[in-house]
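Undergrad: Take this structure, written in structure tokens, and hold onto it; I'll ask about it next.
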């Protein structure tokens, strides 16, 4: 099944802007009209959700069908080194932004709407950091279960996708440190399917499946996209 969507892609930094622009160019070159736009938004800013919605409806009209809550920032500091700034940044981006982005989209979400939260395998595994990142992602999974119940009567589904290690900009920054690189190589080797880390395309395919009409009966679910590393 081939679906055609109009897409608003957000980015934060100049480095991510280049990637966002390349995706937009790829989408728009195959269409007669503009089908993709980019929006600069730092989800630490409390006004970002409304700015994203405003820019989206200005470009494409007042109906929104899908929201993917994908913004994230990782905290690798230990509990003994955890500061209030580290805590707030992680919670603000990974949790608070999901709450208020979803709140902002609801008035424009056309039934049957789809909301996809992106969690992390860290929410289901131990580690050596403070655990704030894992906790913030576990909270996102809890939100999806509650919203699936409260938004279901309006025809909306809410699900969570749980990626494992995935080759993103954040991943590349983390493995730049040799100690982190060794750990990630070990985890990758433990992945049953292929012994590798995931790719953005691996995760996108799962999200794509969840937004299809044939997935309308799936809601409130937490779906592992880890190549079998995390079994839920």
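Cβ atoms here come from the backbone N, Cα and C positions, even for glycine.
Here the structure is a predicted model, which means the values were calculated and not measured.
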Undergrad: Which one, 4, 56, 168, 186, is listed by Swiss-Prot in the same NADP(+) site as 19, 42, 70, 103, 133, 137?
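TA: As annotated by Swiss-Prot, 19, 42, 70, 103, 133, 137 share the NADP(+) site with 168, chosen from 4, 56, 168, 186.
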Undergrad: Sequence gap of 6 or more, Cβ distance under 8 Å: name the residues on the same chain that satisfy this around residue 42 (NADP(+) binding site), in order along the sequence.
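TA: The list for residue 42 (NADP(+) binding site) reads 12, 48, given in order along the sequence.
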Undergrad: Near the signal peptide (1-20), which same-chain residues lie under 8 Å Cβ to Cβ, leaving out any that are not at least 6 residues past its ends?
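TA: Residues 27, 35-43, 52, 55-56, 59-60, 65-66, 71, 169, 211-214.
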Undergrad: Around residue 121 (active site, proton donor), how many other CB atoms lie within 10 A of its CB?
TA: 21
Undergrad: Around the C-beta of residue 28 (N-linked glycosylation site), how many further C-beta atoms are within 10 angstroms, looking at every protein chain?
TA: 15
